[in-house]
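Enquirer: Here you go, one structure.
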C-alpha cells in the first residue's frame, strides 16, 4: 500500500497528542436501542488500543444512521459508547456534539490515553457536503489524523477527506490498512486460479465490478436475482422472476467478454422457485429452462451448489460479493449458506477467501463461519468501488508512504 500507516508512528510521536480517528460505528440497533452486531466496533479496537496505550488522546468520529443533518435522539451514539467501554474495559467519554464549545471543552479535559467519542457527525449537514469550515472545526480538536473507516472511504466527506487539509500527519489505521492490503492484492497480485462469486438481485448495481473482475479473474460465478437477466438475455423463460429488461444487451456483452477473455463464466443450472415472495411460499427446485409461469426464482438449486463447489475446488483465491438467493428467508438461504461453508473449507486448505462487504458478510456470520474466512470487508460500497479499480477519496487524502 502506498499510503502512510499508523504503524509508522511510535509512542514518542503519539504521547500527549490529540488524535482524531475516523471510525465506522454505523452499527444496527434493535427496537430497544440495543446493538445487534458490534463487528464494526470490534474492527476498530486494534487502532484505538494502540493509540491509547501510546498515551495519545483518542478522539473518535463516526456517522450513525441517516439523521439528515439535524439531531435525532434515536441516532445518538450513546449505545456505541457503552459497548466500546465494555470492549475496552475502561470508560469512554461521549460528547454532546461533534463540534463547538461543548466538544472543545470535553476534549480539552481529556487526559493521555483517554478515549472520547464525538456525537454523531451526521447531525450536521455540512459533514456530507465536505464543508471546509466544518472540516476545520473538526480538525481544530486534534493534532494528528487517522482514517480507520474503510466503510466510508469512498465518500469525499468532511471527516474522511476535508480534515486532512488541516492536520498532519494523516495516516491509515490498522483496519483500513488491512482492507487495502487484502482487496488490492486480490485484484493486483492474486494467487491463481482466482474465482469471483457475484450475487445480489440486480446486474445494474454490480456492472462495474463484473467488468473489472472479467479482466482479473479466471472464473466468475454468478448467483442471486441477477441471474434471470442473463437467462432472459439467452432467450429462456424466467416466469415471474426479477429481470432488468433494460440490461439484457449488457448481460449479453458481459457473457461475450468472458468468452473473449477466456474466463469461465458459470450461471446456475437449477433454481429454487416460489409461488410468491414470502418466507412461507410454496417452493420447488427446477432446471433453469423449466421455470413455470408465475413462479419466481429465489435461490440457486442443489445441482448449482455442486457445480459451483466443483469450480471453486482448485481455486487459490476467492472474492465473494452478494448472496446466492433471498437468504433472509430460511428456505431460500440454502444456496448462500452452502457457498459460505464451501469457502470456509477452501480457507482451511490454504486458499485466500475475501468476503466483500454487505449481505455476504451477514451470510457468513449467519452460518457461523465468519472467523474461518481470510478477510471480511467492513465496507459494502467501498469494497465494490475498490474492486472496480476506483480511487477512494478517503484513501487518496492520506499522506503517501515515505
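Using the three backbone atoms N, Cα and C, a Cβ is placed for every residue, glycine included.
Just so it is clear, the model here is predicted, and its values are computed rather than measured.
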Enquirer: According to Swiss-Prot, 24, 25, 26, 40, 63, 64, 65, 66, 155 bind substrate; so which of 122, 192, 252, 316 is the extra one listed there?
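Expert: Site partner of 24, 25, 26, 40, 63, 64, 65, 66, 155 for substrate, according to Swiss-Prot: 122.
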Enquirer: Taking the binding-site residues one at a time (63, 206), which has its Cβ surrounded by the most other Cβ atoms within 10 Å?
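Expert: Compared across 63, 206, the most Cβ atoms within 10 Å surround 63.
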Enquirer: Which one is it: of the binding-site residues 24, 63, 65, 122, whose Cα lies the shortest distance from the Cα of residue 328 (ATP binding site)?
Expert: 65
Enquirer: Could you check which of the binding-site residues (206, 297, 359, 360) sits closest to residue 63 (substrate binding site), going Cα to Cα?
Expert: 359
Enquirer: Tell me the coarse DSSP state (helix, strand, coil) of residue 26 (substrate binding site).
Expert: coil
Enquirer: From the Cα of residue 26 (substrate binding site) across to the Cα of residue 359 (ATP binding site), what is the distance in angstrom?
Expert: 15
